[in-house]
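One structure below.
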């Protein structure tokens, strides 16, 4: 379908929300808004800490800062509109707004898939080839990894968004979701989308399996290397280096596995919305918290910054007292 078809489709959609008719919309708004603020704050703090503390100017933390940037944009794609809909009776989203939401969502989730895979490779090099780490993970390689993650993630967006929005939507304009997720949008189409859904399923599984293969191979080599270590301290450091990444991967890929791998018989609109809420709202909050709570370097950098702020405040108070 060409431009004429797109123009015929260019009318507003209606989002039903996370809960279609919430009994306490104010309470739901407060919960989601609190999570949103914590997620944005935690990710921005992580980015600033990595930028400010010279001890964190390493490839691992550079990649972690990029993950925080992705998480910050990721949660801003869906949550502000969701919060607006909780307070407003007008829950519409424009055709263009829906298309933009789909494109950014696919780009960010795909980008995170690839970035988490490349972060596993970084851990593999650090544990298995520590002497060659500066060479194998130099600045050019890190930049290539980040650009590759964004480009790889955007492939899904560029391929799937135009096709999805080209279908004729002649049924209800009501999307049973809190944002424009492709399966929910396709249910409004009055044409057979089964072939496209099969191809989309294969595309998403491929996007999932490529980085998952990198993660699996990397951690297999890490486990073999750790097993051969004689030093208990060396083993502890190796596991400490990888534990935060493993937790983040488990959370993110667990939700993605449900969405992209399980057959349609397991899916219901209610389940889909809960899982989507988990990895679009909760995951961006959990990622920086997991890394900050389980990582001594990040915790030390945070204490250092807080200590500076406390010292500066004490000096200001003392100066004011002297002047008084």
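Note: Cβ is positioned from N, Cα and C throughout, glycine not excepted.
Per Swiss-Prot, the features are:
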{"type": "TOPO_DOM", "residues": "1-26", "note": "topological domain 'Extracellular'"}
{"type": "CARBOHYD", "residues": "9", "note": "N-linked glycosylation site"}
{"type": "TRANSMEM", "residues": "27-50", "note": "transmembrane segment"}
{"type": "TOPO_DOM", "residues": "51-58", "note": "topological domain 'Cytoplasmic'"}
{"type": "TRANSMEM", "residues": "59-80", "note": "transmembrane segment"}
{"type": "TOPO_DOM", "residues": "81-101", "note": "topological domain 'Extracellular'"}
{"type": "DISULFID", "residues": "98-190", "note": "disulfide bond"}
{"type": "TRANSMEM", "residues": "102-121", "note": "transmembrane segment"}
{"type": "TOPO_DOM", "residues": "122-140", "note": "topological domain 'Cytoplasmic'"}
{"type": "TRANSMEM", "residues": "141-159", "note": "transmembrane segment"}
{"type": "TOPO_DOM", "residues": "160-196", "note": "topological domain 'Extracellular'"}
{"type": "TRANSMEM", "residues": "197-220", "note": "transmembrane segment"}
{"type": "TOPO_DOM", "residues": "221-237", "note": "topological domain 'Cytoplasmic'"}
{"type": "TRANSMEM", "residues": "238-260", "note": "transmembrane segment"}
{"type": "TOPO_DOM", "residues": "261-273", "note": "topological domain 'Extracellular'"}
{"type": "TRANSMEM", "residues": "274-293", "note": "transmembrane segment"}
{"type": "TOPO_DOM", "residues": "294-324", "note": "topological domain 'Cytoplasmic'"}
Mapped DSSP class for residue 98 (disulfide bond), helix or strand or coil:
helix
Residue among the disulfide-bonded residues 98, 190 whose Cβ has the most other Cβ atoms within 10 Å:
98
Counts of helix, strand and coil residues, the topological domain 'Cytoplasmic' (122-140), according to DSSP:
16 helix, 0 strand, 3 coil
The transmembrane segment (141-159) in contact with the transmembrane segment (59-80), cutoff 8 A, at least 3 CB pairs, sep 6+:
yes
Can you tell me which parts of the same chain pack against the topological domain 'Cytoplasmic' (51-58), counting only residues 6+ beyond its ends and a CB-CB cutoff under 8 A?
65, 297-298, 300-301, 304-305
Pull the DSSP breakdown for the topological domain 'Extracellular' (160-196) and write it out as helix, strand, coil residue counts.
15 helix, 2 strand, 20 coil
Is the topological domain 'Extracellular' (81-101) packed against any residues at least 6 beyond its ends, judged by a Cβ distance under 8 Å, and which are they?
9-18, 22, 25, 28-29, 32-33, 36, 161, 165, 175, 178-180, 185
Which residues, given as numbers and ranges, are at least 6 beyond the ends of the topological domain 'Cytoplasmic' (221-237) yet have a Cβ under 8 Å from it?
123-124, 127-128
Residue numbers, six or more beyond the limits of the topological domain 'Extracellular' (160-196), whose CB comes under 8 Å of its CB atoms:
1, 5-6, 8-9, 11-18, 20, 77-78, 81-82, 85, 93, 95, 97-99, 101-103, 105-106, 203, 267, 269, 272-273, 276-277, 280
For the topological domain 'Cytoplasmic' (51-58), the number of residues DSSP places in helix, strand and coil:
5 helix, 0 strand, 3 coil
Do you know the DSSP helix, strand and coil residue counts for the topological domain 'Cytoplasmic' (221-237)?
14 helix, 0 strand, 3 coil
List, by number or range, the same-chain residues at least 6 past the topological domain 'Cytoplasmic' (122-140) whose CB is under 8 A from its CB atoms?
59-60, 63, 217-219, 221-222, 225-226, 238, 241-242, 245
